[in-house]
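According to Swiss-Prot, the signal peptide annotation covers 1-18, on the basis of similarity to another entry. The domain 'Peptidase S1' annotation in Swiss-Prot covers 25-251, and the record cites sequence analysis as its basis. Feature annotation from Swiss-Prot assigns disulfide bond to C31-C165, C52-C68, C100-C258, C144-C212, C176-C191, C202-C227. Residues or ranges marked as N-linked glycosylation site in Swiss-Prot (evidence: sequence analysis): N123, N124.
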Amino acid sequence: MVLIRVLANLLILQLFYAQKSSELIIGGDECNINEHRFLVALYTFRSRRLHCGGILINQEWVLSAARCNRKNIRIQLGMHSTNVINEDVQTRVPKEKFFCLSSKTHTRWNKDIMLIRLNSPVNNSTHIAPVSLPSNPPSLGSVCRVMGWGTISATKETHPDVPHCANINILDYSVCRAAYARLPATSRTLCAGILEGGKDSCKADSGGPLICNGEIQGIVSRGGHSCGQPRKPGLYTKVFDHLDWIKSIIAGNKDAICPP
């Protein structure tokens with residue numbers, strides 16, 4: 001009888017730690033339905049599966065990553081569950097797309113930004129509203145929120161029906177340089193994650209937001225081959241460094257030059 005109790009307790013402990021390990025790989029929870037009104041989903045017309053995220057910054061413009069560019073992009077706004085459609089969901093397509101570099105020649109580590117002008121403005125609603133551009137760069141150690149419909153497992157491609165959110169920290173750029181040997185000495189890129197691992201953006205989160213104090217500070221760019229690994233934080237395009245370019249394009253200067 002005692003042996004049975006011991007075995008039962010061991011089984012409970014094993015299940016508990018297995019669950020905690022799984023939580024570390026997943027690294028986040030379902031976003032509150034009202035906390036991501038600026039989060040958009042990028043699809044292609046040929047596929048029903050979203051391939052990237054994006055960020056609504058005003059009624060007519062969306063930010064995403066250059067690596068997310070496709071020929072036939074469809075942009076869904078106001079979505080939470082991919083299975084249950086909100087009444088105020090709106091769909092748009094790009095009218096114009098702007099890049100710091102060609103979407104095919106952006107460097108692996110830099111210039112990963114795309115600015116999309118929608119074919120028609122969207123209306124603010126219960127589940128749709130733009131996010132503020134940054135007034136200052138994020139401080140080292142800031143707790144920021146990353147979100148998206150990307151895969152929630154580091155070992156297999158498992159996409160959730162709803163966006164997941166996780167809190168991560170702004171880390172010193174040297175941490176990412178140590179993790180990625182080819183990362184240049186200077187870059188307009190944010191390094192963000194959890195040093196011990198367990199929370200991270202992952203496949204199909206690219207182009208989505210990194211929100212710090214209610215402002216869009218980063219665009220999900222890339223990370224390690226396996227998400228959420230210790231000392232392998234993610235890389236995020238630094239929005240603050242591209243503010244002049246973004247504002248110039250929106251103001252009508254289509255020849256605006258990105259920062260070097």
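Heads up, the Cβ atoms here are built off N, Cα and C, so glycines get one too.
Help me picture where these features are in the structure shown.
In sequence order, G28, D29, E30, C31, N32, E35, H36, R145, V146, M147 make up the list of same-chain residues 6 or more apart from C165 (disulfide bond) whose Cβ falls under 8 Å from its Cβ.
Look at C52 (disulfide bond): DSSP puts it in a strand.
Around the Cβ of C258 (disulfide bond), 19 further Cβ atoms fall within 10 Å across all displayed protein chains. DSSP assigns C258 (disulfide bond) to coil, not to a helix or a strand.
Under the three-state DSSP scheme, N123 (N-linked glycosylation site) falls in the coil class. Long-range Cβ proximity for N123 (N-linked glycosylation site), meaning a same-chain Cβ under 8 A and a gap of 6 or more residues, is found for Q59, Q90.
Sequence-distant neighbours of N124 (N-linked glycosylation site) (same chain, 6+ residues apart, CB-CB distance under 8 A): Q59, P130.
Around C144 (disulfide bond), the same-chain residues at least 6 positions away in sequence with a Cβ under 8 Å from its Cβ are P138, N167, I168, N169, I170, A192, L210, I211, C212, Q217, G218.
The DSSP secondary structure for C176 (disulfide bond) is helix.
DSSP gives C202 (disulfide bond) a coil state; it is part of no helix or strand.
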Sort out for me which one of C31, C100 has the most neighbouring CB atoms within 10 A, since those are the disulfide-bonded residues we care about.
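The residue with the most neighbouring Cβ atoms within 10 Å is C100.
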If we count other C-beta atoms within 10 Å, could you say which of the disulfide-bonded residues C52, C176 has the fewest?
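Ranked by other Cβ atoms within 10 Å, the disulfide-bonded residues C52, C176 bottom out at C176.
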